[in-house]
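**Q** One structure follows; several queries about it will come next.
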């Protein structure tokens, strides 16, 4: 019995690693491609694409970390004999949702665009609507594979989908801008990249599915039939809870898409407001890059924690939860503090100028809060508490909408950045409060002061370094900004890691579970033995 549990745990962690790797690669690509895209189309073109990106992103997330998680959870909750019924009912359920969302977006494109304050966006919204016709099939197949702990097809399809999406987006936008096409046409072409990526992902998943189908036949005559009513209830519940929680970052972006331009422009068409919204949207790739590891870890936590709860391994579950939250806190704090200190050269390096640096520094605080919010939500979901994280997301979206309305008319994009940080902080605070009520945060108290101290020391070093650089090299071109930014990242990262190692924030076991952690541990032990 113990051996079978051990083997199962091994397969779960091996599969989780595959999905973590795929998630890291796809999220890095999702953040990085926006830099050359902004360089191609400019701030106004970036604004146009970002207005419809939340719709595209929602379709991608539903087919990647929303419904696949739900389907795999259902397959793990019920015996293998019920898997065929689960997949059949899920297929019908997802198809209905996909058609409904498509019709709402496609038929409502003009009213939505008018609500946003830019009627030219209607065509782009209609293009984005087609993504919801493809997502049900992609989500179903990914969920089926993940429910059988076969992570390779899901991971491979994710990476291929993202590579193709980026290639089509950049290629078409570059070609159209070079030809002199309008930025709205380039934006619509860029949005079509998501459709191409989803179609190829579906082909890859279909190939693996039909290839393995014969090896996974079950005896349906002895099938323990689950009622349609029972499964539909669970699908509806999980759709509102798990899916809503996974869409936190996109919902916050959706609020900005719906009301930020209108608030900046005062309800009138304004090129300046479009440019400001595009500058503000520079913060999105920074947020994604800064939180990519925490978000990827959070996604992989759900099936493991569910298995630990199912096997009543509560001590192991609590240890893994503590380690994951600690890692999230460290990565989020370091990324937020470091980026705030070097934001000006990073802004010039990535986006060609330093416009909006102050607003983006405020926005950078969101990295820590978003990382904590997503990771804490995943922990709660894995432990079976799926409703509360969804409520927290709803509260965060409400905070964002209200603060945008109050702050943007007075403070512009700085107010929008503050509203974003506050909304993520609200979600993180609610989820962490719930974890505290479960007594799962006790071991984190002792590491807060060392982490804050490490971040403050790193910030002091970075601020001194950037001032020294400005004094020695007054040039403000993009080439100088690249050298300053990359060298500052190396220096700040080294200082932060060294402080954490010296203060013993992580145990040897925790270090051995992260990339290069064991080498860092050995390096620090050698220094201590040599009197360093």
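From the backbone N, Cα and C atoms, a Cβ is placed for every residue, glycine too.
Sharing the record's features from Swiss-Prot:
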TRANSMEM  65-85  transmembrane segment
TRANSMEM  109-129  transmembrane segment
TRANSMEM  134-154  transmembrane segment
TRANSMEM  179-199  transmembrane segment
TRANSMEM  203-223  transmembrane segment
TRANSMEM  248-268  transmembrane segment
TRANSMEM  344-364  transmembrane segment
TRANSMEM  371-391  transmembrane segment
TRANSMEM  392-412  transmembrane segment
TRANSMEM  425-445  transmembrane segment
TRANSMEM  459-479  transmembrane segment
TRANSMEM  494-514  transmembrane segment
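If you look at the structure here, what lies around each of the features I listed?
**A** Residues 48-49, 51-52, 55-56, 59, 101-102, 184, 187-188, 191-192, 194-195, 257-259, 261-262, 265, 267, 269, 274 of the same chain lie 6+ residues outside the transmembrane segment (109-129) yet bring a C-beta within less than 8 angstroms of a C-beta in it.
If one looks beyond the transmembrane segment (344-364) by at least 6 residues along the same chain, the residues whose Cβ comes under 8 Å of a Cβ in the stretch are 35, 38-39, 43, 276, 279-280, 282-283, 285-287, 290, 336, 412-414, 416-418, 420-421, 466, 476-478, 480-482, 484-485, 488.
Within the chain, the transmembrane segment (459-479) has long-range Cβ neighbours (under 8 A, six or more residues past its boundaries) at 337-338, 340-342, 344-345, 348-349, 352, 354, 487-488, 491-492, 495.
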**Q** Among 65-85, 179-199, 248-268, 392-412, 425-445, which stretch has the most Cβ pairs under 8 Å to the transmembrane segment (134-154)?
**A** 65-85
**Q** Apart from its near flanks, which chain residues at least 6 from the ends of the transmembrane segment (425-445) lie with a Cβ under 8 angstroms of it?
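**A** Residues packing against the transmembrane segment (425-445) from afar: 248, 318, 321-322, 325-326, 329, 365, 369-370, 372-373, 376-377, 379-380, 383, 385, 388-389, 391-393, 395-396, 399.
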**Q** So if I exclude everything within five residues of the ends of the transmembrane segment (248-268), which remaining residues of that chain have a CB under 8 angstroms from its CBs? That is, six or more out.
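**A** Long-range Cβ neighbours of the transmembrane segment (248-268): 47, 50-55, 57-58, 61, 115-118, 274, 276-277, 280-281, 284, 287-288, 370, 373-374, 377, 393, 396-397, 400-401, 404-405, 408-409, 412-413, 416, 420, 423-424, 427.
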